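Undergrad: My structure is below; once you've seen it, I'll send some questions.
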Amino acid sequence: MPVRGDRGFPPRRELSGWLRAPGMEELIWEQYTVTLQKDSKRGFGIAVSGGRDNPHFENGETSIVISDVLPGGPADGLLQENDRVVMVNGTPMEDVLHSFAVQQLRKSGKVAAIVVKRPRKVQVAALQASPPLDQDDRAFEVMDEFDGRSFRSGYSERSRLNSHGGRSRSWEDSPERGRPHERARSRERDLSRDRSRGRSLERGLDQDHARTRDRSRGRSLERGLDHDFGPSRDRDRDRSRGRSIDQDYERAYHRAYDPDYERAYSPEYRRGARHDARSRGPRSRSREHPHSRSPSPEPRGRPGPIGVLLMKSRANEEYGLRLGSQIFVKEMTRTGLATKDGNLHEGDIILKINGTVTENMSLTDARKLIEKSRGKLQLVVLRDSQQTLINIPSLNDSDSEIEDISEIESNRSFSPEERRHQYSDYDYHSSSEKLKERPSSREDTPSRLSRMGATPTPFKSTGDIAGTVVPETNKEPRYQEDPPAPQPKAAPRTFLRPSPEDEAIYGPNTKMVRFKKGDSVGLRLAGGNDVGIFVAGIQEGTSAEQEGLQEGDQILKVNTQDFRGLVREDAVLYLLEIPKGEMVTILAQSRADVYRDILACGRGDSFFIRSHFECEKETPQSLAFTRGEVFRVVDTLYDGKLGNWLAVRIGNELEKGLIPNKSRAEQMASVQNAQRDNAGDRADFWRMRGQRSGVKKNLRKSREDLTAVVSVSTKFPAYERVLLREAGFKRPVVLFGPIADIAMEKLANELPDWFQTAKTEPKDAGSEKSTGVVRLNTVRQIIEQDKHALLDVTPKAVDLLNYTQWFPIVIFFNPDSRQGVKTMRQRLNPTSNKSSRKLFDQANKLKKTCAHLFTATINLNSANDSWFGSLKDTIQHQQGEAVWVSEGKMEGMDDDPEDRMSYLTAMGADYLSCDSRLISDFEDTDGEGGAYTDNELDEPAEEPLVSSITRSSEPVQHEESIRKPSPEPRAQMRRAASSDQLRDNSPPPAFKPEPPKAKTQNKEESYDFSKSYEYKSNPSAVAGNETPGASTKGYPPPVAAKPTFGRSILKPSTPIPPQEGEEVGESSEEQDNAPKSVLGKVKIFEKMDHKARLQRMQELQEAQNARIEIAQKHPDIYAVPIKTHKPDPGTPQHTSSRPPEPQKAPSRPYQDTRGSYGSDAEEEEYRQQLSEHSKRGYYGQSARYRDTEL
């Protein structure tokens, strides 16, 4: 590599002799290119981590790292863990997002060419002491690290290199480093990523890197030269406590790029400067105490620093440097134990602290080791007789107090410039803008997973990085580069007085500051809802710093937002949402002692959540979970970034990892709900298609196979804040499984003092069985009697019960086999004719989709009846257990904590509109379930198969099958009618059990029903349903058949087609909410139906005749009028399903028999048929009558 020849630099001082001991190891990087063949099952057999959006949590390295190699996979033997991925199929992987790297691997096809670099240590010969070099030498002495090992936090060389991202920052410039600046990241930023506190680095020294030098808190690194580094930036350098960049070496930058410095760096001037430096004696910590050092050997004369400039001639050239650092005794106080002991001297290199190797250890970690010493500090040091480290010219930490080594406050040792860089990666939070140079401060927390809750939130620098730097002059450069004394200490501040109301709430020692927000508020936040929000750092030069906010202040209120109990993520988001230029009023209290305790113990956020969606594992640090799991969140701003929460899974305290934050979780839950809805629509379509076929076998298969396993939708948010509380009432009991009906009856009969069945309101017109809706008031009355309410409801209704804080005990009977179900039911209920196969299949579907609703599971054994004893014990145990209740709703009970039911009834939901039968697709539509349910009427073997799908998508009308392939809106429409009736009879509920879109569907259905009279007036359709055998050949007819349409149309007792009645039936419900009897309901319905028929019968008959005439004249276009005219589409479908000729039948019965209808006996017979069809589920309009009861 060529050396820039026209600009020399003063020679660099040598390191101490121990660094040149023989047998040292040097780290080199070897580059490999491997070609992987994708396996059909294992893929490429590797796992990658890292990336710009997923940096290493210890040092912020953003390389793409091979985190795992699958044994026996395609990469086994070719790649190793912790290989750095340089290129994938010619695409550079430097400073890219993790998702981008994964995408490149996925789209590689079957072959992937991967270029990686791998670290390797080699033995190097001992370095010989070199004579002093003059200004023309172009040599840069290589510093090698002491080869120590550490058992703590992976500080050894091996653990640093083999950890994720590595504690060893190894950044050689490999081929991709020289790619053009059009890349997302240019060469001048190759070194700017690393701001770690004292990590071993293999860093390229590029000409554009001077302003990106290390900001670490305990190390200094010799960097390359930046030709853009002008006089205004010459103070932009390391401010660390333990290392600093050579000052003469820094001035060499200006000699190389500023002609004004030529004279200052002549040989004569350098010799004089060195003489002056030696004559001044040991440097002091500050100008006020120039000779406050403890006695130490005087530094010997040594050659001055030299400057070396390395320039690449090719993009793939490497600098070949490895930089290291070590903790040393920088200063000793006169009164400290170290000075009194006499065995320590300034400049001694500390090799171990209490047995822990300090190689590349940060000052923060060293301080914590010292704090844990408990009054006994054991050090292993190496004496540096030349005192190389303490005599390197550097800037002094004027803002750090001289104190005992055990009281080092490394968090306060930043110089002004370093603090500005330390917080500069807050640009992720405080602004959408990105700084051109973004130093990383991810080394603030050594144990991020255990202490992330107390990790401060960084913030963004608002101005130029070196904009406030005082230019250096030629005279006394060493001291004129020192920053001025901190201004906040100059004079006491007078804070604004908060209002009396705020003082009464927050206390008398509250201070108030008010300022106008700039680009950012300029605050780093620590803590969380468990301990409070604290100021962890203040950006210099911002209004917050000028107004007197200090580190350790607890923020109590910002503008109108109370920060007490606020999670750290919400606090950061609130500050970000304040518009630029708006006034910010902050109420704070100085609580430095509490703040120190928070940082020591790592506490921050702490709250519990319950998930209501499913999440797969995204990264190795992530947790996978399903619906209904509970977590304790300990940090809402993991790694100082928005997007992930650090959480602990309840029930497994050792399982800690990342979960999506609230906003991401809501997005994922909405996507899953949308997919679930789409799956339901497709299932409904295929169910309708199956219903149109007349084959019994296909219907059976359709019901079982096409009833897709769809998860129950929920009204809960993605994350529900929960608390663990005891239920102060007897919780309702819901049983699922093949013997649930038997178990409920057994509990109610044998233990009447403890259990009572909640009666359901009838939903079927003429039905003698209570299979409808359950009043919440009925449940409340049972609970007030200090009994468990036995509920026969759907899984969807269970979710609603949880939403309304009824906390039901949900027990699932898990069958062992289909034969076992049959054996048990025959033994427990010999008269039951339910299909064991259907019950077994239904139980399996429940177990797959609704397991998150179960609070307990009882495994059935057909050989005995021990399940009943287990059931009683389980209910008793569940009643005594604490319940995870919604935190928000629990807060609403503070006014009346004793009266549990006062809060439950305050929800306003006086009715639980849910079906008592479990439906095949687990939606709470009425009338569903068929033989699948546990408490439905037995199906005689000789009767036709009644599919639960039929009732799930009822009514099975041919016109409806054509017009609306999806029956779901009909079920929702009926539920909406029930809800409307509820709202008429009770106060508005706090929540609506059904989606609001049902209202619109209800209107649409009513409109469509009014247009379908002419189809339903077709007597041939009725004639086809008169014979009992018709139902065995195909699907049952949608309405009970009257013997004839021969009655006079003036009489009110007109046959009622089902879809006609839906619209009118609802009107009757609005007029009379409580008919006296089923017969009264029928009469009211017939009156409303008759009014509509009087107005439209003639018009419909004429249209029917015209349609038939057109069809006969133009048979080739027979289907055209049916498709274009909405009232007609049912006619061809209806006729196609009947053997008799359909087209000629409609007109004559209307014309011939309109004048005469049947007698009252026929009317009574019709009503009986109506009742029978309703019982059997054939009557498609039964839902309207059932909902009338509400």
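A Cβ is built for glycine as well, from the same backbone N, Cα and C atoms used for every other residue.
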Undergrad: If Swiss-Prot marks one of SER150, SER410, SER1174 as phosphoserine, which residue does it mark?
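TA: SER150, according to Swiss-Prot.
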Undergrad: Could you let me know which of THR35, THR462, THR933 shows up in Swiss-Prot as phosphothreonine?
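TA: My reading of Swiss-Prot gives THR933.
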Undergrad: Which of the listed positions, SER232, SER292, SER767, SER832, does Swiss-Prot note as phosphoserine?
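TA: Record lookup, Swiss-Prot, feature phosphoserine, residue SER232.
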Undergrad: Hey, what's the Cβ neighbour count for SER325 (phosphoserine) at 10 Å?
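TA: So the number of other Cβ atoms within 10 Å of SER325 (phosphoserine) is 27.
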Undergrad: Take the Cβ of SER499 (phosphoserine) and count every other Cβ within 10 Å, whichever protein chain it belongs to.
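TA: If we count other Cβ atoms within 10 Å of SER499 (phosphoserine), we arrive at 11.
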Undergrad: Let me know the model's mean pLDDT on the domain 'Guanylate kinase-like' (678-876).
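TA: Mean pLDDT for the domain 'Guanylate kinase-like' (678-876): 80.
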Undergrad: Rounded to an integer, what is the Cα-Cα distance in Å between SER325 (phosphoserine) and SER499 (phosphoserine)?
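TA: Each residue's Cα considered, SER325 (phosphoserine) and SER499 (phosphoserine) end up 53 Å apart.
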Undergrad: Going by DSSP, is SER499 (phosphoserine) sitting in a helix, a strand, or coil?
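TA: Going by the DSSP assignment, SER499 (phosphoserine) belongs to neither helix nor strand, so it counts as coil.
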